[in-house]
Amino acid sequence: MIAIGLEGSANKLGVGIMLHPKDGSTPQVLANIRHTYVSPPGEGFLPKDTARHHRSWVVSLVKKALKEARISVDDVDCICYTKGPGMGAPLQSVAVAARTLSLLWGKELVGVNHCVGHIEMGRLITGASNPVVLYVSGGNTQVIAYSSQRYRIFGETLDIAVGNCLDRFARTLHISNDPAPGYNIEQLAKKGKQLVDLPYTVKGMDCSMSGILAAIDALAATYGLNGEQPDEEEDVTDVTPVSDGALESRKPTRADLCFSLQETVFSMLVEITERAMAHVGSKEVLIVGGVGCNERLQEMMGIMARDRGGSVHATDERFCIDNGIMIAQAGMLAYKTGFRTPLKESTCTQRFRTDDVFVQWRD
């Protein structure tokens, strides 16, 4: 059985084709095509511009995916699309494309929860059996565990997502959005040597990111680091003595601020993930979502998991970052249980909770 998946909840448009062999063997990725809308440095991506990008590219990506998979339209069993959550206009553009293909090809539709898509793709690629899931992206920050045919949310951000926090600080520093602002923050953070004190906000199983962003934005403004910088290395030579005879402390660089932001927010994520592991008795962590590609986050989570006698599972950028193949995978799992999305119900929603989905394909 073959599913084609369309993903476009944010600035990445993905088309994936997944084969589920009839003998029940491991599913195979036949195609995983993606194109990203990149906004200018210092700017985020607006819904209308992102939707225009998706409309412009979706036909060519579908054709390319079919060619790469070496299949014809007749081989496709169902068309899966991201129903939500995400940005309204981009979601609508993908839903329209899915409905159009359904009518043209005479194939059934399957609306997929974006978050569940990440989880199921992560489970397939890594082989994680029943992990605590840390789902971290530009729009979501959740700690999840499976129970009674639902992916239960044990903790989440109380305001903005961790990826949103990193992306917005990249805008403050006027860092390039190519290939992604969060990735460029990560690379800059590797050069950081000074840990700047930032708010640390964990409330039980939940966390908050907006205060940290406000604090580090203020620091960047105080030290004149917001906006374009001619040369990052120039900042390192500015050394300012601390009062009352303490050790010398230099003016922080942009790299120091990126390093400090990552260390702080990732420490918070490790804490709430560990608390969930203790609660459900799991020794596995699965990190999914775009921020899950961050090597420092994986390293910090790995240290915690090993201390508990456990392990961390993560995927590379092919499957961690938004993609169509994860929608095809989750959609096919639902399709095989008999789930269908009638044409008149093939809408999309910006608010679609992970625990709203009845996970019929798991025990």
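Placement of Cβ uses the backbone N, Cα and C atoms for every residue, glycine included.
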Margin query: Need one residue: from N11, N294, N323, the one Swiss-Prot lists with Y135, V136, S137, G138, G139, D167, G182, E186 for substrate.
Written below: N294
Check: Which residue of D307, D316, D322 does Swiss-Prot report at the same divalent metal cation site as H114, H118, Y135?
Finding: D322
Next item on the list: For the recorded divalent metal cation site formed by H114, H118, Y135, D322, name the remaining residues of the chain with Cβ within 8 Å of the site's Cβ center, in chain order.
Entry: S9, C115, G117, I119, S137, N140, V288, G289, G290, M326
Notebook entry, point to check: H114, H118: which of these binding-site residues has the highest Cβ count within 10 Å of its own Cβ?
Noted result: H118
Item checked: Inter-residue Cα distance where the pair is S137 (substrate binding site) and D322 (divalent metal cation binding site), in Å -> 9
Margin query: Rounded to a whole angstrom, what is the C-alpha distance between H114 (divalent metal cation binding site) and G139 (substrate binding site)?
Written below: 11
